[in-house]
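Everything on this sheet refers to the single structure shown next.
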């Protein structure tokens, strides 16, 4: 076939025209002679804002060519935030969507196209900008004070200059990108310029077209005598009644390539552009807007000359044809002049037509509409009618020309090649003419080759699940048509010629089957990518996994079966080629004909080792080579027994010939070994040992609960009987020998001697070892002894799985018969829903086609995100076919016009983004008061307004949300208006809301405005005290903890006062009271002085000393005294005496929780007892010194907050604060309640474990080397999972804050509240093994830095991080393990600490804003649990279920862990616990 040198192929096209949603509907309307200019009802016009005065005007024409859906756009598909989409000119939006459909029609994926792609486009002036956007502001002020950024941004999104470059940016096109503006001829000029660019080599493919919208849209127009618009609302080109045109809306594009390149690429060619030309009228005409017939004739003649054709061969001309009395005669005059230069007589007249009679004048898109119409005429070999043509305008003098007007639909009769001209003339004089020719016969005809036999893989892509569903339905409909495309061509077009995002693969057999599968909601032959289920926009390019996720598994002995892979051998030449190569090698080594053995042999023969191992090697090697041709690569290999040799060969350890020799020798020597038997047992390796006779050995561990044992046949038979009687599942393994046991020892020397003479190389792909269960080192791989030991050693397949499944989202591909290895993987404890298995071959019992199974596997891999090269599936004669385009989401993005007031347009408001809603500042203040960061709230609001979304995920990337450099400028300007200093560059460095907030706050903190805490006379409160006060949840006066001592009645008040004076003066925290001012708290510490604050109450008369009644009376007095402490400004420590009659008195120190912790109570008890001893002995009271007092500690907190050790933990706390996925308040019926509970809204449930159950807990601690806290938290996770649901719950823990970050701070003897509070994520799951659950909690706690000290410092002292952490939700659960409460000491000492008396009143009621507070402590040898719950948030039934389930879950956890006990923990992980003899010493507790 001769290819014209300058010919350009139209390989793709798309458009939306009045009354037509796509090109197919457009042709249907043309063929039926449908006019798409409609009459508008009075109500429609009123709704559009047309006034009654206008409606009454006789000059107002109520007609318009309407385009549906101009307000709709799939913003997510193109990466536009909602607000940006709303402001973007709809002409640009439609052009974007049509450009994508045109590329799809061309079978061109820009990301895979090997060359540059240019864009030549045009749009009309933006009526949307003028009528809609700018109607919201004072037009006199738009530019009154000069251009500002937001005006520039607004014009940038609406001006016609940016149409083409917007396409290039959206699709990452690197060729020329030119906006063309020549008025009505613009889009045809764009086609001409694109052709020149292709011919000059500037680009290899080009998009060309135009977009024009009349806005306001659903309105008519005014006419007047002599105007160019029709008074009747009909466009009647060439007709005697022609009185003007009707302007309408539309968009169209074509995709162009050099004809030779299109043919070479196998493109579908719609038509050929033989040549084109443009020129201008100049001034030789009646006026600027008037046409020039001579210039029009010149441009047509030049186009003919460029095309190298004679005008007599042009049988149709799509005219500019506006239907105006002036324009039509001039156009025919020019045509006559151009065509009369021909020296060849015509055999038939040239037909004229004008699409404007159907759809009106589309302004800048008029030329592309005419071009697409003409291309459709060429494709269909038919000419539609030019509507409303009854008799010619006599001014045309058609009877004196070679032209006739097509007045009805009919075939395009032509003696030779069909050729056509398309004209478009612009106001201002730029004329364009294009010569079209029908596509070459070879390119236009569907291949005559028969449909290839066998299954096909259909691939579909979409960015949302909804779009995928629409695509499936549309493709099914296309396949169901009578003249639908060949299935192989559909598969080729979708696989090789479409861009893929979220994916779906379907294996189908014919068109009918394909349609059925596509329409089915679920089908075994359909595989859908995970992202397509969630309905969110996503891009495969961003989420596509690498080959590192893929692991190939090669099965061994026992997987073989007769006929395996026969279907692949018969249908896949690559498989057959490699099978034949291996079979020939094994025949030379062994004399065995594998073709006969594998495809036609018997099962008994194939079970022989000397046959099965070569057969498996051959099949699996050929299968691996076949899958390799599809581009599927693995990041690692695991081979099972014989399979390890296949893996090593593919990894390059053995060359193929060496591998064949090695496997042949190994199989022969194994076959010659003593016979034996093997069975698979449903027990773990430790449990099965007790059942094994002496000569039966462990052969393989496939998963922790299943293993294989082997030995002599008689002993295996007896073992099977014993296991069956014990109710333990056992099954025979198809093996004739006791593989991987000492029974193989006799062959080892000969095998190792052979291997030592072979050359082994380090692997190109990582290998896992059967011998060690871990990665093979290069040294191990090349060591013959390792390969020899593998023969007689158990296969540690479970350990190999343990290694690969530790990584998330692994895809395990079984490269061999059946699915035994992937089945073991799915039973492994580390298997999760993020992992996937794929089997390349069928199970022997499945009656399915081998190739069907293989293609299903490829489809499943592809849908999982693995790159698959579908080239091997390309038909012998591939043919690109037309298929439905992407179903864009029809979402409205529109700003309605405002005809009454001037306000600010969205996205254009005098220098800042869309205006702040009333009350936003108040909302910010409220948010700040609720503990949220004011900076973040402000930035959240700015981002939301600029992006046009209601909320912004604080960890979402600004640019992933659709942000760009211009929007970054908008955000910086809006932030400046809020008093925040941000540069556009900051958005690149800190692209998330969280990171930007931290950066802004850090900048503020470094500005030097903060007053150093050391300069303050009264120090600010430390972070944990701030935690208490910041929430404002409890009456600070009531939150007191008692410290109770029994005193001998002979101890008098002077002694008590002396002791108290010494102790209170020794510890400054006991002289503390807080002063609050507008939410800012200071600590005031009184000077040392004699202690006078002592109250005295007596037990009522008649109560016997030492009786239970006396103790109850004392407790009542103490509880009453504690309740009386309601003055928030009073000192935080008070002392009371409860005097008994004749028995001991009780001294109660009521100390506020904010100045004492468990260690403080121990220090105070020791000091008081010491002081009493010294006083009663007549000695001076001298207490052990305090190194760092409370006041000094408080002053140092600010410095500690900026200590590197604290700052280094920022990322840890920020990351961990967002891990929770389960919130009790959300998972349970009651809504989340932000306000703190009152005392009467809290309820306590208590339970006690028996001494025996508590001992069991101690035994578990010693066995597993895990702390009591770890075991209790693991049980709590199980309890929540069983009663509420599975997920990750945020739990607040308490830590010991006395281990500080600076060596010059010593708090070991300091009285004060140093408890740290910090959140940890707790996984709540029911399916996790006990040891795994303990390990998970242990690792979580072990990762907590510095006992959680840094969290409080960063949360309450270091402002930048404080705002970030403060925005996080309060954990639902507070958990505290208080350790051992010592029992009442015996003896007659005059002063004794009374823990037994303290216990009932020692803790204040909770109220820190948690839904549940669980307090656990040891007392009297038993474990006690107090469940406090907020009755507004937690139903009583749920709380009772938690309280009831916890002991059961704890016991089950310990029992399970003991059953699966292991001792692999490092000694460094042994953790201590508070034990008897210490009140509570949290500093002795490790983190996990």
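Just so it is clear, glycine is given a Cβ too, placed from its N, Cα and C backbone atoms.
Positions annotated as N-acetylserine by Swiss-Prot: 2. If you take the C-beta of residue 2 (N-acetylserine) and look for same-chain residues 6 or more apart in sequence within under 8 angstroms, you find none.
Sequence annotations record features per position, and here Swiss-Prot assigns domain 'Ketosynthase family 3 (KS3)' to 5-438.
Taking Cβ-Cβ distances under 8 Å and a sequence gap of 6 or more within the same chain, the neighbours of residue 184 (active site, for beta-ketoacyl synthase activity) are 320, 361, 363, 364, 366, 367, 424, 425, 426, 427. Among the features that Swiss-Prot reports, active site, for beta-ketoacyl synthase activity is placed at 184 (among others).
What Swiss-Prot lists as active site, for beta-ketoacyl synthase activity is 320 (among others), and the listing cites sequence analysis. In the three-state DSSP scheme, residue 320 (active site, for beta-ketoacyl synthase activity) falls into the coil class.
The active site, for beta-ketoacyl synthase activity feature in Swiss-Prot is assigned to 361 (among others). Just so you know, the Cβ of residue 361 (active site, for beta-ketoacyl synthase activity) picks up 28 other Cβ atoms within 10 Å once every protein chain is counted.
Per Swiss-Prot, the feature region 'Acyltransferase' maps to 551-868.
The active site, for malonyltransferase activity annotation in Swiss-Prot covers 641 and is backed by sequence analysis. A simple way to gauge crowding: the CB of residue 641 (active site, for malonyltransferase activity) has 24 other CB atoms within 10 angstroms, across all the protein chains here.
Confidence over the domain 'Carrier' (930-1004), given as mean pLDDT on the 0 to 100 scale, stands at 75. Residues or ranges marked as domain 'Carrier' by Swiss-Prot: 930-1004.
Taken from Swiss-Prot, the feature O-(pantetheine 4'-phosphoryl)serine covers 965.
Summarising the annotation, Swiss-Prot assigns NADP(+) binding site to 1286-1331. According to DSSP, residue 1316 (NADP(+) binding site) is assigned to a strand segment.
The most densely surrounded of the binding-site residues 1322, 1328 is 1322 (count of other Cβ atoms within 10 A of its Cβ). Of the listed binding-site residues, namely 1310, 1316, the sparsest Cβ surroundings within 10 Å are found at 1310. Least crowded of the binding-site residues (1286, 1292), judged by neighbouring Cβ atoms within 10 Å of its own Cβ: 1286.
Considering only the binding-site residues 1292, 1298, 1310, 1316, 1322, the residue whose Cα is spatially closest to the Cα of residue 641 (active site, for malonyltransferase activity) is 1322. All protein chains considered, the CB of residue 320 (active site, for beta-ketoacyl synthase activity) has 31 other CB atoms within 10 Å. Residue 1298 (NADP(+) binding site) is surrounded by 25 other CB atoms, counting those within 10 A of its CB over all protein chains shown. Helix, strand and coil counts from DSSP across the domain 'Carrier' (930-1004) read 45 helix, 2 strand, 28 coil.
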